[in-house]
Structures are given as C-alpha cells and as structure tokens.
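K.L.:
Next up is a structure, given as structure tokens.
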Amino acid sequence: MFSSTRCAFLSNSGLGGCSSLCDAQRKRSTRFRVVSMTPSSSRSGDRNGSVVMETPLKELKKESTVADVDNNPISAGGPQDVYGEDRATEDHFVTPWSVSVASGYTLLRDPHFNKGLAFTENERDAHYLRGLLPPSVIPQETQVKKMIQHVRQYQVPLQKYMAMMDLQERNERLFYKLLIDHVEELLPVVYTPTVGEACQKYGSIFMRPQGLYISLKEKGKIREVLRNWPEKNIQVIVVTDGERILGLGDLGCQGMGIPVGKLSLYTALGGVRPSACLPITIDVGTNNEKLLNDELYIGLKQRRATGQEYAELMHEFMTAVKQTYGEKVLIQFEDFANHNAFDLLEKYRSTHLVFNDDIQGTASVVLAGLVAALKLVGGNLADHRFLFLGAGEAGTGIAELIALETSKQTNAPLAEVRKNIWLVDSKGLIVSSRKDSLQHFKKPWAHEHEPVRNLVDAVNKIKPTVLIGTSGQGRTFTKEVIEAMASINERPIILSLSNPTSQSECTAEEAYKWSQGRAIFASGSPFPPVEYEGKVFVPGQANNAYIFPGFGLGLIMSGTIRVHDDLLLAASEALAAQVSQENFDKGLIYPPFTNIRKISAHIAANVAAKAYELGLATRLPQPKDLVKFAESCMYTPSYRSYR
C-alpha cells in the first residue's frame, strides 16, 4: 500500500469516478489497474486503504497529479474542486481518497478529512472508526466552542499561536471554521503581531514542516523539489527569503511563518482553497549572527548569497513555478529586502502573475483608508499634502499609488501630482540636492527644498495634512510631531503602519491624547479602544489582510495573467466603498473585520471586472454577477458528508 496525492470524487457514481484519470496518465502506456475497490472487503486487504494501484509510485510521482474527477469542473472559480472545498460544492458527497480510500486510523491522521468526534454513526461504520473514537457524536459548532475556550485559556500570545497551528495540522476544516467565526480575536494570533515572535522563535517551536524549503542546496533541481509537494492544482504561492521579516530584520529560514500565516488568511478571509495554497521559503543563508550561532536554527548556516548567485537561484525558481503550475499561478513576494523586492517585481511583472504585498498590498489598503478619510475631512486627494516617515518598499509603494489615483482623478501629469508627496528617510527629507546618492526607487520623490534633518522640522516646513509611518522604527511619532500635526490641521490624518506593535511609530492612545482627540488614526497592528475626555475612540487597522485575500481571489476567478496598477486601484475603491456611515461615526476609516469575507467578495468582483475590462482575464465568458460568482468560488470549512 502507498499514499501519495489525495483525491476526492464528487460524482454520485461513487467509486465509478475512477475511470476519469488526468490527461497525462491517459496518454501514458503504463498499466493502471484497480485490484480491489470495496472498503467493505476487509478480509482481503488493509482497512486503512482499500484500493491498490499497480502503477509504480515513482512513475505516479513524476506526473502532475494522480487522478481527477472529470473534465467538467463543479465550480468555475479555478481548477476542479476535487476535495469539495468551495461553496458551490458544499452539498456534494465526498469520498476521502488518498490514492486509496482513507479510513480507520489513517483517516483520523489526515487533517484534510479528519472530523474528530463529528464523524456520524454511518461514517464510523463505513470507514472502520469504531473503537478509535469515543462514542459521542459532536457537531462542528460545538467543536468550535470547545476550541475557542481552549485557545482562550492561554495568556501568552505565542502559546495561542502554537495551539492554532497544532489544530491546523490535526483538523484543517475546524481550524478555518474557528478562524472565520472568531476572526477579530484570532487574526492577531495567526498573523501580526504574534507571527513576528513565532518567526523569531521558529527554531525552538518547530514541530513539523509546513510548506516547501528551497535552499542553495537545491540549485539546479528546483522543479524536482516543487514536484515533491503533494498538491498539484496550486493557485497561490507566497514566497519569502526571510531577509526583512516585518520590522524584525533578517530571520533567514525562520521566516516561513510569514507565508504560512498569509496563506491561512488567503483561505479564511478570501476563500482560496487551502489545497491550492503553497508557502515557500527560499533559503540563501542569513546575516543574523545570533541565528548563525544558534544550534536550533533550522536553515543554512552561512552568510547570505548575493549578486549573480542569488539572481540565478530566483530565476530558476520563477521559471520552475511557471513550468510546473502554469501561467495563472499567483506568486506573492513577501518580506524581501528593499533592494531585492523592487528588482524582482520589476523583472517578473511582465512575464509572471506576481504581486508584492509589502509594496502593492500595503499601498492599496492605505489608499482605501485615505479615500474613506476624505469623507471625514473633506476635499479630494489633490487637496491634501502627504508626508511619509520611511522610504522603503511600503512608503514608496503607497506614495506611487496615491499619485496614480490622484492623476487619474485630476488628469494631471504623474510628475506634477508627486510634488504633493514628501518622504523622509534615515538621512532626512528626500530633496533634489540628494538625488545623486539616492536609490532608484526614491528618486521620483526628490523635490526642490532645503535639506531637513528631523521629522518634526519636516512637519513644520511641509505642513502635511496626512502623516504616514512606514519606517519600522517604534515611537518615532513623538509628542512634538503629533502636536505639530494637530496645530496645522483641525483633523490630522495619522497612519502608524509599521509592524509588529512594538515597531509602530506611535500608539493609538498617544495619537488621540496628543492631538486632543482630533486625530483620524489607523495602525498596521491592532490597538484597543481608547477613552479620552469621556469619549471612546476605536482605532482602525490598516491591515493588508483587507486587500490581498480578495485581490488574489479576483485574479484566480477571472484567470488573470498579469497584475496591472489599475487592479490595485480597483481593490482600493471596493474596500473604501465598504465603510459605512456607522463606521465613520466612530471615526473608523476601515470596516470591521467581522464582515471580511463579504468585503473580500466585493474586492474580488471589482478586481475581476477591471481585469475583464483591460483584457487581462482568460476565464470566459465573464459571469453576469461577479459578486455572487466570487461567493460561490469561496472555500467553506463546513464538514462534508462521506460515503
């Protein structure tokens, strides 16, 4: 017996679906014969798997997949829904295949099919579970109540993170059901700020591998490594090289927590199937001396590869991904250092479906917040002046998207609207006299002005209406800076975006207190409500999780082949439109996360509509109601009934 790639047959014909094999196998001359097919024939075979294949495992593994359902996908949102993950297939019966039918002890150890005590009496008989479970049958809703109580018993956020990751490894559907039902409470646990600490301690908390690790040792055979991943219908890859994890610096191979966390949100918030998600870490070494000397460090213990060696490895990776998964797989770059992030995005945006969340995702969510904030302060983007602390990936990405939207609204040249946007880096205000020494992505923001060294002086001289922090340096929006913003503006817009919480430029309490309760504030990491002079302020969170899950779903469901800047603008407009008057009355410029899947469906629909308009979508014909289509394509974590 062997178990390679899981398969699930959704047709009502039960095991008869075995006649429909993938195209690659259909073309092969190798024999493929089912020796035993009935789970009930326990006397003649292993109860933990009752289908025996004669094709050698090595030959099966060479192919792109083992078996498919049929040539007609149940839902049109992407590849065939062979596991019954999308809303459109929620009522279909599923056979828990794993080359063989998973049953007994094997079924309980498979996180994709395990239901714990929710297995029905009939399922326990059919799949040899009698005696392997206590007799009680508990529905999924009760399991969710039990698990949220289990998570809440921990006081330390990292312990909550580990409890959630352990659940994901045991029962995938329960993990996502729990996360969706308690998204506002658990989002900070599975992602920022807790994921930052998890990455720092990844070596000591590492239990089992999640995702693919591609290191310099695999150079020349990356495509072979990709084939080792059991899922073949991959739609989204999140990849990092670990050099700039949040605001924590070079964490090397331990940065894997970021792709794993991001893809959990792709599924929970955007409805992308977990089976279609692949987290990858590119390990080229680390320059973190503490990690190099740590015996528990799980990555390559060498200095980072750079230059041609790095470029060749990344090019092999990008080529292998496209060859293995096709033209329409979305590759999201995550937490690369500035010098590599911009170069990779520029190099591959015309040949691959690539997206950098630090540059483009952050820009899109901030632009949405600014568009919403205009309803509180009045005017349009062209009427405001922007000052950034931080001129890296996030800062320049946000600045460029603001300029693009302003240019679109006013028909003014891009170079002209950029003059209302100013950036401060570690050496002070970016001005034209510094142009020769600036990195290429900073040069468009070098305007005519005398040199200014510190932030408070820049605020007093530039007189911005909007102050945005992307520096990764905590507590840099000092009392003097906030008071200067409040003296210039009746309602200063202050966005403290750096993650995790410890690196935030200021806290919500500081922003409201130092501005006498007049600031319109949002942050990258969550802050609790603040009471000031008898009024309660609820700070907004400019979290990329508002954008990238719905954005990715929109690309997938439309079969988009390239990311255009107009798609990012479409995502921003859709998010801003979801802010209600009730939210504005509380001073919020983002909607609550409780409605995130509805928000993601609207973002996906808007992105897909723009892709069809630009001729970038390949899934034809265009659905009449894109919002309903997006909802039908979304993964639902409800348990399926097994034959």
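Each Cβ is built from the backbone N, Cα and C atoms, and glycine gets one as well.
OK, TrEMBL features for this one:
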type	residues	note
DOMAIN	168-349	domain 'Malic enzyme N-terminal'
ACT_SITE	Y191	active site, proton donor
BINDING	R244, N499, N543	(S)-malate binding site
ACT_SITE	K262	active site, proton acceptor
BINDING	E334, D335, D358	divalent metal cation binding site
DOMAIN	359-612	domain 'Malic enzyme NAD-binding'
K.L.:
Would you please pick out, from the recorded positions R244, K262, the one with the fewest other Cβ atoms within 10 Å of its Cβ?
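P.N.:
Among the recorded positions R244, K262, the sparsest Cβ neighbourhood within 10 Å belongs to R244.
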K.L.:
Between K262 (active site, proton acceptor) and D335 (divalent metal cation binding site), find the distance joining the two CA atoms and give it rounded to the nearest Å.
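P.N.:
Cα of K262 (active site, proton acceptor) to Cα of D335 (divalent metal cation binding site) measures 11 Å after rounding.
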K.L.:
Provide the number of Cβ atoms within 10 Å of the Cβ of D358 (divalent metal cation binding site), excluding the reference atom itself.
P.N.:
23
K.L.:
Roughly how many Å separate the Cα of N543 ((S)-malate binding site) from that of E334 (divalent metal cation binding site), to the nearest whole number?
P.N.:
15
K.L.:
Quick check: which same-chain residues outside E334, D335, D358 lie with their CB within 8 A of the centre of the divalent metal cation site CB atoms?
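P.N.:
Those within range, site residues removed, are T240, R244, I245, I258, F333, F336, A341, N356, D357, E393.
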K.L.:
Between the two most separated Cα atoms in R244, N499, N543, the residues recorded as binding (S)-malate, what distance in Å do you get?
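P.N.:
Greatest Cα-Cα span of the listed binding residues: 18 Å.
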K.L.:
Say you check the Cα of E334 (divalent metal cation binding site) against those of the recorded positions Y191, R244, N499; which is nearest?
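P.N.:
With Cα distances computed to E334 (divalent metal cation binding site), the winner among Y191, R244, N499 is R244.
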K.L.:
I'd like the number of other C-beta atoms within 10 A of the C-beta of D335 (divalent metal cation binding site), please.
P.N.:
26
K.L.:
Looking only at C-alpha atoms, tell me how far D358 (divalent metal cation binding site) is from N499 ((S)-malate binding site), rounded to the nearest Å.
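P.N.:
Here the two Cα atoms lie 11 Å apart.
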K.L.:
At the level of the C-alpha atoms, what whole-angstrom distance separates N499 ((S)-malate binding site) and Y191 (active site, proton donor)?
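P.N.:
That comes out at 11 Å between the alpha carbons.
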K.L.:
Can you tell me how many other Cβ atoms are located within 10 Å of the Cβ belonging to N499 ((S)-malate binding site)?
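P.N.:
Other Cβ atoms found within 10 Å: 24.
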K.L.:
Neighbour count, 10 Å Cβ-Cβ cut-off, for E334 (divalent metal cation binding site): what number do you get?
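P.N.:
Other Cβ atoms found within 10 Å: 27.
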K.L.:
Cα-Cα, whole number of Å: D335 (divalent metal cation binding site) versus R244 ((S)-malate binding site)?
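P.N.:
Their Cα atoms are separated by 5 Å.
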K.L.:
So if I measure Cβ to Cβ from Y191 (active site, proton donor) and keep only same-chain residues at least 6 apart in sequence, which ones fall under 8 Å?
P.N.:
G261, K262, S264, L265, A545
